[in-house]
């Protein structure tokens with residue numbers, strides 16, 4: 001049940017992150033800050049990146065706070081932050097307001113890391129792979145619904161005049177409706193989490209000021225003290241080896257432990273640090289393309305883009321999200337049975353280079369085709385299949401690297 005509730009909560013995260021991509025270019029254009037398409041792309045990048053930059057600055061704070069006060073309140077607080085800031089973003093009428101609301105959303109939201117920690121606490125080696133696959137499923141599904149919602153519900157007065165033609169509010173705020181839908185998804189997650197999400201953080205783990213050095217060692221060694229009689233299946237401490245509880249009172253200060261406590265080692269190996277650094281690089285290049293891709297597709301062909309409208313962009317983003325689910329549940333398990341995890345990770349990491357180089361080549365081909373009257377009609381016929389093939393390549397690589405890196409960690 002906890003995994004199901006976490007899945008509902010996690011679903012709102014990618015939706016909130018991706019819902020603006022189909023209309024962000026047009027929103028900035030409506031702000032009237034510049035008539036230059038290149039400048040519009042730069043301002044749109046500022047809005048999109050403000051969320052991730054703020055999340056980067058505050059992610060460790062929320063993770064540390066969840067260690068002290070618990071996972072549940074931090075997740076619920078993050079959902080509330082999502083709801084409020086998403087609605088405020090839909091009311092944007094200026095560049096500063098849009099940047100501020102997206103930055104506030106990132107600042108108040110540390111749910112991804114906390115949710116993964118919680119998922120690790122409610123699973124063990126027997127069901128961890130399935131649980132993280134479900135996490136990937138919810139993320140992929142959110143990446144389908146988010147762009148589709150943002151693309152098809154933005155500017156509803158012009159798109160659906162028979163339904164929203166008389167709504168002055170939506171005419172004044174043409175991008176509020178998709179944001180309201182995203183906020184309603186977050187509200188659903190908050191309600192489900194409030195009534196059904198249990199706390200998984202071990203109540204006996206001491207906070208950082210209470211941690212003290214354990215046995216003398218060449219390395220610094222710090223741990224949190226937990227009574228052995230508290231370790232059972234219900235508090236998700238199965239990862240602690242049975243022989244740890246054989247530590248005698250002579251090994252630990254009797255006054256502080258009474259011979260009944262154990263130490264959880266919090267040391268992180270160099271290999272783990274390297275894996276985390278690899279994960280950071282993966283996230284960096286993935287988010288970088290996620291930010292650039294909407295601008296790249298809607299930019300006019302003469303300026304190096306593909307000249308898409310919001311519907312075209314939403315279609316490609318939804319296709320990528322649906323493909324993510326297919327690769328996650330069908331393709332990756334097949335590849336995992338054929339190849340070693342580390343080899344797959346290394347291959348996919350390197351394969352991103354040609355994948356990213358293909359995108360500008362597609363736009364170059366598009367421009368060359370449109371320059372000639374003879375080949376201009378061939379543009380759509382040729383470009384769309386090439387774009388979809390490269391998106392398939394990119395999504396498959398994403399599934400491989402993100403799934404394998406979680407296993408390696």
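Cβ atoms are placed via backbone N, Cα and C, with glycine included.
Per TrEMBL, these features apply:
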DOMAIN    2-409  domain 'Major facilitator superfamily (MFS) profile'
TRANSMEM  6-28  transmembrane segment
TRANSMEM  40-62  transmembrane segment
TRANSMEM  74-92  transmembrane segment
TRANSMEM  131-153  transmembrane segment
TRANSMEM  173-197  transmembrane segment
TRANSMEM  276-296  transmembrane segment
TRANSMEM  316-335  transmembrane segment
TRANSMEM  347-366  transmembrane segment
TRANSMEM  386-408  transmembrane segment
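It is 6-28 that, among the stretches 6-28, 40-62, 74-92, 347-366, 386-408, forms the most Cβ pairs under 8 Å with the transmembrane segment (131-153). When each of 6-28, 40-62, 173-197, 316-335, 386-408 is checked for Cβ pairs under 8 Å to the transmembrane segment (74-92), 173-197 comes out on top. Distant neighbours of the transmembrane segment (276-296): 18, 21-22, 24-25, 41, 44-45, 48-49, 52, 304-306, 313, 317, 345, 349, 352, 356, 359, 363, 394, 398, 401-402, 405, 409; these residues of the same chain sit at least 6 beyond its ends, with a Cβ under 8 Å from one of its Cβ atoms. Among residues of the same chain six or more beyond the transmembrane segment (316-335), those with a C-beta under 8 A of the stretch's C-beta atoms are 18, 21-22, 133, 136-137, 139-148, 151, 294, 297, 308, 344, 387-388, 391-392, 394-396, 398-400, 403.
On the 0 to 100 pLDDT scale, the domain 'Major facilitator superfamily (MFS) profile' (2-409) averages 79 in this prediction. Using a Cβ-Cβ cut-off under 8 Å and counting only residues 6 or more beyond its ends in the same chain, the transmembrane segment (347-366) has close neighbours at 278, 282, 285, 289, 293, 296, 301, 304-307, 379, 382-383, 386-387, 390, 393-394, 397, 400-401, 404.
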